[in-house]
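Report on the following structure.
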Amino acid sequence: MAQSSKYQRKPRSGERKRSQRRLELTEEQKKQFDDLLVRTGLTFENRKLLIQAFTHSSYVNEQRIFSSSDNERLEFLGDAVLELAVSQYLFKTYKNMSEGDMTKLRASIVCEPSLARFAEELQFGKLVLLGKGEEVTGGRTRPALLADVFEAFIGALYMDQGLEPVFMFLARFMYPKIKEGAFTYKMDFKSQLQEFVQRDNRGQIRYLIVQERGPAHDREFVSDVQLNEETIGTGTGRSKKEAEQLAAKQALLALNQKES
């Protein structure tokens, strides 16, 4: 039976005011979001999702907007989407990598410091809508906040357009850094170079110590790495292993630049 209107709870004045409040951007903020889309080459059918990805809970609380307007739910979704996208990339790219190594490498890619760096490179910090308290305590540059925003952005992109645009975005801004060896959780550069060469049947890799210099207590080694007898990288280190690793790193950078 329907409850009599006489006994229905009337909304408090604060609740009514809160429900009517809408998030509105300044012209400068709108321009910053437009600039972001230009830089990333993306479009959003639903711009509200894009803005929500950058809306911190402190801003929602201060502005008395519905709590569902902050980016926490999108962050939750983006975390899962990012794990899937990175997992698929590693699975397809490193065909000889063990499950354990893929797990470690993925963890180094989707961890807070890594995601915060991506957010910084994309200048996400200046777009975040923050409460005054969070602003004065340095929230705009806090790694944890930036990492959350990056995940929320991925979640928003997925909700707006699906997985394929997410893959394309990551292929432009994240995957190249994986190939360059930016995430070396400790899959070493020699292993990465070996994977790279084997993947396309490019030939044989060989390491040569071409020089040793300095006194015994402060020895320095120089290593060349060759692909089919052609030197593709050189490294210098305090041990032969370190020199070979740095040679492999240089070779990876050179090969990736040649392909791009």
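Heads up, the Cβ atoms here are built off N, Cα and C, so glycines get one too.
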Matching residue for the Mg(2+) site, where Swiss-Prot names D148, E151 - out of E72, E75, E229: E75
Shell of the Mg(2+) site beyond E75, D148, E151, same chain only (C-beta within 8 angstroms of their C-beta centre): N71, E72, L74, F76, G78, D79, A147, V149, F150, A152, G155
Residue among the recorded positions E75, D79, E151 whose Cβ has the most other Cβ atoms within 10 Å: E151
Integer Cα-Cα distance in angstrom, D148 (Mg(2+) binding site) to D79 (active site): 9
Stretch-averaged pLDDT - the domain 'DRBM' (188-257): 89
